[in-house]
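Per TrEMBL, the feature compositional bias 'Pro residues' maps to 27-37. For 204-292, the entry in TrEMBL reads domain 'CAAX prenyl protease 2/Lysostaphin resistance protein A-like'. The region 'Disordered' annotation in TrEMBL covers 1-66. Per TrEMBL, the feature transmembrane segment maps to 76-102, 114-133, 154-177, 197-218, 239-260, 280-302.
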Amino acid sequence: MGGSPSDPRSLPVPGHVPPDRAVGQPPASPWGRPPAPGGAAGPADRGGAAEGGSPLPRPASGVPISSGGRRTPWGILDLIGTVVVGLVLGLALVVVSVAAGALLDVDLSGSGQFGLYGTEVYLGLLVAGWAFGIRRHGAPWRSLGLRPVGVGTLLAMVPLGFVLLVVNLLVLIPFAALLGDEDAAEGTTSGPLADPAALSGADVLWLALPIAVVAPVVEEVLFRGLLYRYLRGRFGRRRVGLVMAVIVSAAIFGVLHVVVPPIFVMGLVLAALAERYDSLLPGIVLHATNNGLVVLAIAVAAG
């Protein structure tokens with residue numbers, strides 16, 4: 001008996017399954033066509049697992065989740081933009097701080113200026129790194145390597161930080177002998193670090209802020225997150241690509257810190273950790289431990 005449009009029996013019933021969709025048939029997949037009822041899922045529904053991809057669906061943006069030699073969504077222009085815009089932002093914050101200090105008649109010591117202005121420059125670079133690496137490409141934070149690792153791994157970085165500091169000192173000794181004591185001292189201790197004995201407790205705290213707290217986080221995000229992962233993708237997945245990415249990123253890290261040999265060695269270790277754990281957290285803890293020991297030595301010298 002056929003129902004007319006006005007017949008209530010012809011109206012859709014809530015919860016009714018249309019005949020063109022069998023019970024138990026999965027809805028359309030956003031990653032491709034739905035599999036036939038009872039049939040095997042196609043490559044698109046398995047996230048490309050049949051083609052060697054991840055068993056999980058690919059992100060819609062196509063952003064790689066880990067390094068492993070895969071191309072990053074950010075490129076060389078993004079890295080340059082991070083440096084240029086980051087420095088501009090950081091210097092703008094410094095100008096605001098100087099103006100505010102003049103208006104409020106606040107007189108910071110040399111260490112206070114170093115700590116405050118250094119932190120502001122680092123924050124400017126971090127914001128720029130987020131804008132060019134994450135925001136611009138819609139990439140997740142874990143694409144930089146900000147992913148959790150085991151507590152035991154993080155704790156193991158603390159004694160490794162002691163070892164790294166000793167290695168850096170051993171590397172610095174022949175470097176200082178080669179350049180001469182005065183030139184080496186000029187390259188490693190300047191500004192408020194030139195005379196640690198003259199520092200007060202407040203000065204040491206100001207120094208600890210950028211050196212032991214802010215720098216490890218920001219530098220790992222910039223050098224091992226943005227830079228190293230970009231180089232890793234450019235040099236390819238072969239072992240030689242891995243070695244080249246580690247060396248080049250460590251060399252850039254050392255050159256930008258002026259004291260090239262010991263910082264280069266540190267850059268090698270930090271890049272190797274980023275590759276080994278696919279996370280920046282072990283490197284951040286190691287970096288903070290190393291820098292914290294330097295600040296502790298300054299505090300001891302200050303008495």
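Here the Cβ of each residue, glycine as well, is placed from N, Cα and C on the backbone.
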Cβ contacts the transmembrane segment (154-177)/the transmembrane segment (76-102), at least three under 8 Å, sequence gap 6 or more: no
Helix, strand and coil residues within the domain 'CAAX prenyl protease 2/Lysostaphin resistance protein A-like' (204-292) as assigned by DSSP: 80 helix, 0 strand, 9 coil
Close approaches to the transmembrane segment (114-133) from elsewhere in its chain (Cβ under 8 angstroms; 6 or more beyond its ends): 72-74, 78-79, 81-83, 85-94, 97, 108, 139, 144, 191-192, 205-211, 214-215, 217-218, 221-222, 225-226
